[in-house]
Amino acid sequence: MFGVQSAKYQRLNVSSSSLNSESIPLENLEAASPSAQHYEIPEIEPVKKSWKFWEKQPPRARIITLGEQTFGLEPNIVQNQKYSVITFIPSVLYEQFKYFLNLYFLLVALSQLIKELQIGYIITYFGPLIFVLEVTMLKEAYDDYIRYCRDQEANSQKYERLTESGTKKVRSSQLKVGDLIIIEKNCKVPADCVLLRTSEESGTCFIRTDQLDGETDWKVRIAVATSQKKPSNHSLLDESATIYAEKPNKDIHSFIGTIRWNYSSGDHIDPLNVENTLWMNTVVVSDAVLGLIVYTGKDTKAGLNTNFVSTKMGLVDLEINQLSKILASVTLALSITMVALDGFRGLWYIYVFRFLILFSSIIPISLRVNLDMGKTFYSYQIMRDKNIPDTIVRTSTIPEELGRIDYLLSDKTGTLTKNGKNIFIVEMELQKLHIGTEIFDSNCTQDVFSHIYNALSPTTGRNVFYQKDPIVSQRVKDIVAALALCHTVTPITDEKGDTSYQAASPDEIAIVRWTSLVGLKLVFRDLDYIRLDFNGITLEYKILESFPFTSELKRMGIILQDTKSKVITFYQKGADSIMSAIVSHTDWLEDACSNMANEGLRTLVFGRKVLSPEHYEEFQEQFKIAKTALKKRAESIQSVISTYLERDLELLGLTGVEDKLQDNVKLTLQLLRQAGIKIWMLTGDKIETARCIAISSKLVERYQPIHQITKVKNVQQAFEELDNVRLLVDPCLIIDGKSLQFYLDHLPQEFISLALSIPVVVCSRCNPTQKSDIVKLIKNSTDKRTCAIGDGGNDVSMIQSAHVGIGLVGKEGMQASLAADFSITTFSHLNRLLLWHGRNSYKRSAKLAHFVIHRG
């Protein structure tokens, strides 16, 4: 198997596989996997044959045989080239001559091939035109060659594939649907896969999806129950199984499929959903996993969310193009007037053309050459500016566009906020802990340690230095214990003894790190137990039940039993809007949450409830019934939890977590707003996260009204929400991804007309396609110029759709930077790029055009 540093994948190897293991106990796996009852494989529509061989067949659902390659589907290749050897010259010529200015110069030059129309030397007409075309074609050829080299590098990575004759190394482009591949830790998934086995006994693994959807939270994925229970990877090759996968689509948050295992005693079917998948461009951050490829190339989620790149032309060029049409009309009118004054005698139509050629100097052919040379100079100045080091100009034809931006659409993670150096991306920090009577900030770790020491240490022999009010100390200990226990974090210790954390949320990582700083350290966690350590004192808890966080519930909970005292406790945390109705004694909660929100902190409310053994047994009985319900299972489960657990919880405290902003983000946004640029933030993160960053970055002013639009399900509700926004003065609009999609599908013009009129718009839970669609909708609804900035692969479509695309060189990768027109290293460089270089480039090109046209 390849090492982590090689960043390669391995086809299933019979002789040696690090995932091979003995029989694995999986008591908890079947509960985690979806029920297999009454699942049947849907019928697949037959292929409709057509004599129109050039028409591409629409995507279809597919049946895949386990371990057998399926042919006739999209090849697993990365292809970012704009041209081929055959299409290069015609495509470049079309791109150049589809604009009137270039076409006008071409027609004037061609006219000199007619003897009766010849005026002067023919080289004076063709020379400048050929020079401009040569420079353009050489630049396009070079840029496309660089893209070709990058594609070849990605497609030529070697993988080991198992065949009947043994294993052999093949290019990644030769991977097919049906192949079984092993993906190592910290490696990118090469195609869309179904997760069959993991190295963990629980059958779970963590993946990072920031390059796909922009979300910074790690996602938990669950292996198919039947395949995870197999004794080894090799045993899967002896199985007879078929996989049904729905037709390829753009939705990265859903998947419908089944896997049928054929046994002599009868078939067994496992249902498949998005929790069983590994999408292309995600990164496995747990140990090695085994996947079955179901979609390749353009059929993958990443491929379907990638847009075709069109050639960009600046507004200055378009305006000059329009001016050229006006001047051409003037020359035509003058030519006809001159012939008319002579009475249309003789070969008057020849004279009209000769006059047209004589007057063609009104639109000097040197205009194009001078403007292109000016653009090259502006680009050189940008890249040589020491105030914005390492800035790269990848599209040198639109530097003037930087000075005419009206709408800036920005990603959040890694763009406004910092990227960490570790695998876990976003740098976050617990800033405040509020317990009602006391407030602790990030500088009070020693004080918090003293309280915990006072509560946990024996009374005799206690250090006088740590003496505290016992009541306050107990409250501090209770809330810190809740922080250290109510989460999904798993500690991982490497060979050097260093501990890192895996979790489904960056907030949880920040909170657990903070509890470690104050002395209460998470040292162990598996499916059954959590173990904490404080100054040599071990606290162990048995996990009885766990209720994961969902965006609909906005809370998570866990039931634990202290292994020493046998006390059963239900801990819960969640958004203040939800928890305020669940916990008791909330007189101080609303004001505390409001104050933290104004500081841009993301708040979480913590509560607990001690359960008697009888109460817990009654809950367990009803909970088991709800979990086996065939209809409305989710509603039944939530009803039991609400009835038996979520009533009269003791309010423990409130935390405030902060995303660390990039340097000078607040100043940059302030200057851009003062320059008249309206700023939109498009992010894949939760709506609460987006709101907090908008506040902390000062994208939203202190007293600016904020209106949130969520869960829009019908047209009437959609109109009501828009009317509510209109009632506010200069509001900030925050909208979630599902509501945004509803507006894009049903009321695009109504939504965009309102959104364009307000100063700030924040879109959360955006997928790459939605980001691109928003940019296109703005472009189609107004003649204003748009600029998109991002640093991840999920931002590429948005960057390419905007008039100007700016990519940040982030620790997530180079995808956004390579796809952008301009590449910068930090968000604060945007000020000088737009407000200095952009404005200067525009003013210089405008003056140059005036001078050349006036000079003739």
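The first residue you see is number 1, and the count goes up from there.
Just so you know, glycine gets a Cβ as well, placed from its N, Cα and C.
Database features (TrEMBL):
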ACT_SITE  Asp411  active site, 4-aspartylphosphate intermediate
BINDING   Asp411, Lys412, Thr413, Glu508, Phe549, Lys573, Arg602, Thr683, Gly684, Asp685, Arg765, Lys771, Asn794, Asp795  ATP binding site
BINDING   Asp411, Thr413, Asp791, Asp795  Mg(2+) binding site
DOMAIN    75-122  domain 'P-type ATPase N-terminal'
DOMAIN    157-303  domain 'P-type ATPase A'
DOMAIN    818-854  domain 'P-type ATPase C-terminal'
TRANSMEM  97-114  transmembrane segment
TRANSMEM  120-138  transmembrane segment
TRANSMEM  347-367  transmembrane segment
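For Asp795 (Mg(2+) binding site), the nearest of the recorded positions Asp411, Arg602, Gly684, Arg765 in terms of C-alpha separation is Asp411.
When Cβ-Cβ distances below 8 Å are used as the criterion, the transmembrane segment (120-138) is approached by residues 89, 92-93, 96, 102, 105-106, 108-109, 112-113, 365-366, 368-369, 372 of the same chain, each at least six residues removed from its ends. Considering only the binding-site residues Phe549, Gly684, Arg765, the residues lying within 10 A of the residue listed as 'active site, 4-aspartylphosphate intermediate' on a C-alpha to C-alpha basis are Gly684. Here the candidates are the binding-site residues Phe549, Arg602, Gly684, Arg765, and by Cα distance the one nearest Asp791 (Mg(2+) binding site) turns out to be Gly684. In the three-state DSSP reading, Arg602 (ATP binding site) counts as strand. When each of the recorded positions Asp411, Phe549, Gly684, Arg765 is scored by how many other Cβ atoms sit within 10 Å of its Cβ, Phe549 comes out lowest. Of the binding-site residues Asp791, Asp795, Asp795 has the largest number of other Cβ atoms within 10 Å of its own Cβ. Along the domain 'P-type ATPase N-terminal' (75-122), the predicted structure has mean pLDDT 86. For the domain 'P-type ATPase N-terminal' (75-122), the number of residues in each DSSP class (helix H, G, I; strand E, B; coil) is 25 helix, 0 strand, 23 coil.
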